[in-house]
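What follows is a short report on a single structure.
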């Protein structure tokens with residue numbers, strides 16, 4: 001197994017306990033001997049391959065991504081000017097300041113061993129073996145020179161602490177090695193939340209806040225923009241994956257934020273990989289916001305390094321980086337180069353310009369490189385960066401760097417060629433290539449653009465944190481001692497870690513540098529937005545975050561110059577009166593369902609039914625009382641019954657007045673005055689009931705309805721039943737005997753009539769006792785499917801069944817009376833009132849037979865109240881009108897218009913009267929020519945005589961009548 005393969009296994013299978021640590025140690029030892037035994041001695045101060053060595057009393061390690069990841073099996077790729085060279089020079093700048101500071105570590109010089117990680121964790125792991133070489137005791141007894149003498153092996157300098165690394169994946173890999181040898185590590189850019197685990201990375205600290213703070217800041221930004229549906233893109237590795245995981249975790253904790261797509265960029269993306277990513281991001285067009293935790297190389301467009309012209313200087317490869325400072329000729333050359341389409345360009349290729357709103361992490365920050373030549377795609381992007389300040393002293397230092405005064409940086413020559421687009425070697429310059437030879441008179445910031453990289457401040461603070469910790473340790477271990485003392489010959493890494501965690505000083509930018517128990521710095525971020533205005537672009541600070549967000553939304557601009565914040569929501573807010581039906585598993589997505597019928601929106605997610613007496617308002621956000629209706633006097637449904645009732649009452653009163661006026665005339669007497677007045681009273685009550693049925697229901701009105709609705713008909717039909725029963729009994733008795741039947745006197749007839757009426761009154765009284773009368777509002781009667789048409793009906797508490805029971809007794813009297821009328825139909829009309837009574841009952845039955853289907857057939861109608869009330873009142877009035885018209889109008893006609901017929905006739909015996917009536921009916925068809933009332937008068941007269949005295953045969957009919 002090669003060393004490379006072994007470290008790959010360490011990377012993928014670490015954190016498995018003691019066995020893992022033993023494996024790591026064995027690999028370290030194997031690698032150490034393979035390096036040491038084959039290395040040539042090197043003098044102090046000389047450069048090492050892929051490393052910088054600066055001598056000092058105490059040496060610090062440094063890890064920087066001087067080069068990008070290599071392709072096609074190569075460890076290193078193109079040079080990184082900002083993230084690599086700027087940061088490396090920042091450490092050198094800090095060392096110079098500290099070594100020249102008489103107050104900090106006086107008479108103690110800090111040295112350094114700086115390595116290139118090539119932005120790859122496995123490569124950094126191999127390089128970091130250099131830091132632990134001095135801690136491994138080497139057995140060289142078996143090693144001899146060719147001359148036989150002992151070998152001369154240069155003892156490597158001991159590194160007491162390491163500054164770095166940049167990428168979180170690199171820091172995690174290196175931290176697993178350094179913790180085995182108790183070497184503290186202070187990172188200036190690694191922000192993965194995983195590194196906050198003090199049980200696994202106990203020797204790791206950082207001057208930048210972890211991504212948990214950054215994730216919280218990004219969640220706060222998303223919520224401040226009122227976005228709730230976003231996608232995430234993460235570079236494969238600890239930084240990207242941990243950052244997205246932290247964002248998702250924070251979004252879940254805060255609630256109200258959902259992830260549409262969570263996409264991962266592979267370490268080695270294949271062709272078309274970014275096109276697939278963009279297609280996935282476009283699957284949900286509502287999720288316009290994309291949260292990016294990606295490496296700079298995955299955001300921008302890169303070129304295949306094997307096709308870029310290369311030159312060497314001092315045996316080191318020099319590569320061009322596509323920059324704004326390139327000459328026109330170089331741009332033309334690179335345009336012909338086949339490019340690997342990356343995220344922004346893939347989105348542009350998919351015609352998504354202006355669609356996606358990017359929210360980038362600190363790896364994007366305010367850098368130009370990720371968006372080079374993709375400005376339109378990046379417009380409106382919101383990025384975040386730990387709060388920083390440009391260090392003026394570093395600007396002066398870096399601008400003054402030349403090839404002559406910066407030979408300690410072995411990569412500076414490569415930077416020089418890349419920055420000024422020239423070649424240091426005359427032989428590397430080809431004719432017609434457009435590439436010039438470097439003159440060494442070029443100057444940074446004058447002949448090339450220069451902008452300080454964002455993490456320079458943190459690199460300097462990291463170096464100072466290590467220096468302050470060593471300074472405090474020196475004060476405690478070597479009090480009053482100038483320079484190092486014996487106690488610091490071998491620095492205890494655990495003790496140094498304690499001093500690092502306890503430092504508290506003001507950094508170079510004026511911000512305090514402190515660490516918490518996990519070695520994390522406090523969260524302080526600045527919020528940027530990439531804006532385009534008047535053909536110029538800039539990263540504009542639009543807010544900051546320190547435990548809470550402060551965002552200047554009016555200063556933000558969006559693609560196309562739009563001021564309004566673009567939306568990125570799964571579902572639009574529901575309209576008033578609609579509830580949210582959450583899509584399973586996606587709390588930010590919902591379907592809007594209207595609260596229909598009698599439902600109202602109780603809350604965001606619930607529709608509830610309104611109370612029985614309420615209906616929803618117009619937008620179904622609440623309930624309001626259902627309107628109350630009743631039969632109004634002005635309604636056509638009431639006017640017609642009232643007119644009929646008024647006419648009937650007037651007619652009834654007219655008959656009563658006529659009868660009272662001609663009370664002693666033969667016709668009035670022959671009609672049976674007592675029962676006639678009772679019958680007329682019942683008819684009057686039937687008409688009067690109409691007014692009770694239309695009056696506004698209350699307890700009094702409802703009580704009167706119960707009493708008089710059935711009472712009027714009971715009085716009428718009780719009187720008619722008594723009459724027909726009397727006639728029937730008289731004729732049946734007269735056929736067998738000359739003696740009159742029992743209970744045919746007026747008094748007896750009244751007793752019978754009132755007895756029949758009392759049954760109705762008794763039933764009503766029992767009803768009152770069981771269920772007192774009251775007015776109710778029936779909300780079910782007109783509860784239509786359309787709530788707007790719903791009405792509450794104010795009515796008396798008389799159900800349809802109760803109404804049938806109330807009128808049932810009257811119906812029974814009517815049917816019985818009809819039966820007697822049928823039995824007496826053979827009696828000639830000239831002798832009695834049987835036939836008029838029969839016609840009255842037949843007609844009444846027809847009226848009520850028509851009433852029943854109309855009344856009950858409209859029980860489901862919306863106009864039920866009006867139809868049933870009108871039908872009932874008209875039916876009652878028609879019944880009364882039939883009785884009044886057929887029984888009394890002919891008599892009134894004779895009394896008023898033919899008084900000559902209203903005269904007394906001779907008297908005959910009962911037997912003679914009955915026999916005459918019977919024989920007349922059979923043989924004498926001319927009996928009908930006799931004056932009206934003659935036979936009836938004789939019959940009534942004879943009957944009255946039999947009642948008064950059984951011994952008398954003839955009496956005057958003027959004293960009694962039927």
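Backbone N, Cα and C define each Cβ position, glycine as well.
From a predicted model like this one, the values you see are computed outputs, not experimental measurements.
Looking at 738-760, 761-783, 876-898, the range tied to transmembrane segment in TrEMBL is 876-898. Checked against TrEMBL, the range among 801-822, 911-932, 933-954 recorded as transmembrane segment is 801-822. Here TrEMBL gives transmembrane segment for one range in the set 610-636, 637-663: that range is 637-663. When each of 637-663, 675-694, 706-722, 801-822, 834-856 is checked for Cβ pairs under 8 Å to the transmembrane segment (876-898), 637-663 comes out on top. Of the ranges 675-694, 706-722, 801-822, the one with the most Cβ pairs under 8 Å to the transmembrane segment (834-856) is 801-822. Below 8 angstroms of C-beta separation, residues 675-676, 678-679, 681-689, 692-693, 749, 752-754, 756-757, 759-761, 764, 767-768, 773, 796, 798, 803, 806-807, 809-810, 813-814, 816-817, 820, 837, 840-841, 876, 879-880, 883 of the same chain, each at least six residues beyond the ends of the transmembrane segment (706-722), sit close to that stretch.
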